[in-house]
Structure formats: C-alpha cells, structure tokens
Amino acid sequence: MWALLALLAVCSTTLALPLSRDNTCQSLANCNGHGACGINDDELYCFCNDDWVGTRCQIPKEKWLNGTLGEPCYDSIDCNDHGYCSGTAETVQCNCYPGWYGVRCQIPEEKPTTTTTTKKPTTTKSERWCDDDIECHGHGSCYGTNYKWECYCYSGYTGKNCETK
C-alpha cells in the first residue's frame, strides 16, 4: 500500500475520478496505461497523466479540449450537483434532476409565484434565468438571471457571449 501511495505522489496527475468499489485496477486495464490506479477514502481512482482525462484515462486531453470527443462531465462539478452524468467518452451529458435544466443543470425551472390578495390566486412570472443557447450562443455555460448573467465559454471560444472562436 505504501508503495502505491509513493507511486501516486511521484506521478504527474491532473484528474482523479472515483470508480466503483467493485472494480479492481486490473479490470480498469491499469487506467489504459495513461495513469496510475489507486485508492483514496476507500474509493478506487484513476489518477491520469497530464495529457489524458476520463474515469479510466481513456480520453486524450487534446481531443477533449478541441471538442472532437465532447466534454466529459462529473456529477458534482459539471452538473452543479443538480444532475448526474451518463454516456460514453464520445457522448457524455448531464441528466438533470427535477426542477433543473440546461446543459449543465445550472438553470432552475421557473416556478410562478402565487399571491392571494384577491379572492382567486393570481400568478406572476418571476424573472427568467439565462440560457446557454441564447446568451452564450451555445458555446458556453450561462450563470445568473436575465438582469445579471455571465457566460463561461467552452475551450476555443471567447467574448462576453462566447461569440468569438
């Protein structure tokens, strides 16, 4: 065990993702030869070398960054804790929990507010949350509302609205 920890300390790593406890390093093909397999907090991880990403270090970082294999997502980070990731290395997406939507489950569904100042409840529309496809031209993630929002552009795009490639 100490030898494995020493090996992990020496290896250059950029990303570690938990894998099922049922897996073993051999069943992971030793992280496809692009990282080191180890255990942290009773979870099995692939600690990828600098040029590789993915739960099993199966995606070349260059292809991930230029979008040819899509973006891998990780439940807590990329789905904002409002969804879970699914798919393959080529087609990974966030599946949003009820009440959330957006590419990264970052937009809460609008719930109309109800006022009871009259005999019948009336519904008023609350302010709209920003939309990735509209405000960020589909090239970034939008955070905020229609009155104050900011785009976080995907790799290769810049500008306030991710409009410049």
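For all residues, glycine too, the Cβ spot is worked out from N, Cα and C.
Just so you know, TrEMBL annotations never went through curation; they're auto-generated.
What you are looking at is a predicted structure, and each value in this text was computed from that prediction instead of being measured.
TrEMBL lists 1-16 with the feature signal peptide.
Averaged over the domain 'EGF-like' (21-58), the predicted model has a pLDDT of 73. As annotated by TrEMBL, domain 'EGF-like' applies to 21-58 (among others).
DSSP gives Cys48 (disulfide bond) a strand state. The feature disulfide bond is assigned by TrEMBL to Cys48-Cys57 (among others).
Among the features that TrEMBL reports, domain 'EGF-like' is placed at 69-106 (among others).
Under the heading disulfide bond, TrEMBL lists Cys96-Cys105 (among others). The Cβ of Cys96 (disulfide bond) lies under 8 Å from the Cβ of Cys79, His82, Gly83, Gly102, Cys105, each of these being in the same chain and 6 or more residues away along the sequence. In the three-state DSSP assignment, the secondary structure recorded for Cys96 (disulfide bond) is strand.
What TrEMBL records for 126-163 (among others) is domain 'EGF-like'.
A C-beta separation below 8 Å, combined with a sequence spacing of at least six in one chain, links Cys162 (disulfide bond) to Cys136, His137, His139, Gly140, Cys151, Cys153, Tyr154. Annotation source TrEMBL lists disulfide bond at Cys153-Cys162 (among others).
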